């Protein structure tokens with residue numbers, strides 16, 4: 001490919017992906033009296049973001065013919081199930097205490113509403129692609145210590161306040177009337193009149209800036225201060241770490257180089273010590289090299305996936321409430337980058353003198369997708385049992401299978417064939433001896449698990465402040481929009497991971513332990529285990545999530561995310577260590 005061609009291809013791919021993932025955000029222009037549909041999306045417990053249900057699963061007034069809105073792949077994966085709501089919110093038409101419908105609630109329906117009110121159920125709607133939230137009712141606990149004395153009330157009157165600018169809808173707010181309540185405390189039949197009011201107001205906010213309101217919550221001065229404190233803390237950590245490591249390694253390596261050069265000039269048959277002593281074993285290929293190459297290929301693909309996601313975020317594709325854009329991007333980019341996994345794995349496997357490259361490709365294809373598929377099958381079964389919107393329809397599962405069968409798998413195979421035929425050779429600066437040296441006994445803290453603990457702690461400490469905001473966005477109702485800060489944190493994570501892995505690799509080689517291949521990968525990826533440990537802390541100490549479905553969704557999908565981090569950072573750690581090891585052994589003379 002000509003010079004600059006790679007950049008052109010990347011920009012073209014980004015443009016194609018941006019077109020695919022950008023939602024159908026409306027730029028509709030309306031006239032007086034035009035019908036603007038209000039879509040009811042879902043309801044669910046406020047503290048359990050994954051446990052959501054269809055709006056009309058509850059005994060609201062609903063039309064005889066419920067009209068579903070057609071949804072993109074990402075919206076379905078996000079659990080969105082939009083239907084036309086029975087409210088009539090025509091453009092610039094005010095309404096005062098309009099009757100939506102009369103509903104006779106049976107004893108069973110009263111108990112159902114009481115249960116959802118007790119569990120803090122909220123509703124979510126969309127009006128001209130603008131989100132609306134509200135609670136379904138309230139529990140009166142004032143002056144009552146015994147839960148049996150609580151009073152349960154259902155809101156029956158919604159007030160819509162809509163702002164417009166010329167012929168565009170700019171903003172919408174919905175509030176409940178605290179005086180219009182239905183008492184659900186007792187098990188008895190009730191007749192309810194559901195009402196609503198509409199008030200239109202003019203605003204000077206242009207249509208292009210109507211979404212900025214939803215990003216203000218993550219840009220408040222107090223939040224930005226904490227974010228920047230996190231960045232400064234992480235940067236100081238990185239500077240100190242890299243400074244100390246660079247100083248120590250440069251000084252130690254300089255002494256090593258001088259010592260080894262002096263040894264060569266004085267006594268040729270002098271016994272070698274330290275990392276030079278194992279020069280004949282350091283490039284001995286690792287055990288389970290097919291698995292190692294597959295892990296490296298999968299990690300490289302996930303790193304590429306993360307990079308593309310950040311690029312799309314920085315150019316503004318994932319603006320607030322671009323429904324399902326992130327999930328669409330993840331599916332599309334993962335499918336398109338599978339060739340990278342195949343090429344990297346097959347090429348490296350052949351460099352390690354592997355012969356069964358077909359089995360290596362199968363292992364690469366299933367290393368991440370296999371556990372993710374099993375996790376999805378279990379969690380989707382749980383969602384089906386709960387009748388939740390998180391359960392994917394059969395048609396969506398077929399679409400995902402076709403993407404895997406027609407895009408992911410062929411690209412993986414093509415990448416594997418290209419990697420096998422690349423004829424790349426493993427560039428070892430020294431010859432490997434026929435028989436491996438025995439590794440001397442080492443203290444316990446030089447074994448794999450303590451080294452992984454040390455390697456994972458520093459990168460995790462550089463990102464843990466930002467993790468709270470990410471978790472509160474993904475597993476809560478906060479909005480995260482400061483992707484530039486997140487990208488800086490990601491770069492810091494990569495730098496710290498690479499440096500700490502290189503340092504531990506050097507100390508391992510200096511102790512004459514030549515089995516550094518798997519150790520460098522495990523130490524690099526150990527940050528993923530720390531992130532999963534943070535999941536336990538967040539669930540029990542920082543959230544109010546409960547119930548089997550929410551618990552299984554949280555720990556199931558976070559296990560998949562942390563596993564992806566493990567593979568990605570493991571590949572980064574190994575690549576950095578490989579570069580370092582090649583450099584130091586290229587700088588000395590070895591017989």
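Cβ from N, Cα, C; glycine included.
Feature annotation (TrEMBL): of 392-414, 415-437, the stretch labelled transmembrane segment is 392-414. It is 226-249, from the ranges 202-225, 226-249, that TrEMBL records as transmembrane segment. It is 361-386, from the ranges 257-282, 361-386, that TrEMBL records as transmembrane segment. Looking at 164-184, 521-541, the range annotated in TrEMBL as transmembrane segment turns out to be 521-541.
Contact count against the transmembrane segment (392-414) (Cβ pairs under 8 Å) is highest for 325-349, out of 226-249, 291-319, 325-349. Among residues of the same chain six or more beyond the transmembrane segment (521-541), those with a C-beta under 8 A of the stretch's C-beta atoms are 292, 295-296, 299, 448, 451-457, 459-460, 464, 467-468, 471, 475, 493, 497-498, 500-501, 504-505, 551, 554-555, 558-559, 561-574, 576-577. With pairs at least 6 apart in sequence, the transmembrane segment (325-349) and the transmembrane segment (226-249) have fewer than 3 Cβ pairs within the 8 Å limit; the two do not touch. Taking Cβ pairs closer than 8 Å, the transmembrane segment (325-349) reaches residues 13, 17, 20-23, 72-74, 77-78, 289-290, 293-294, 296-298, 300-301, 304-305, 308-309, 312, 317-318, 357, 360-361, 363-365, 400, 403-404, 407-409, 411-420, 422, 424 in its own chain, all 6 or more past its ends.
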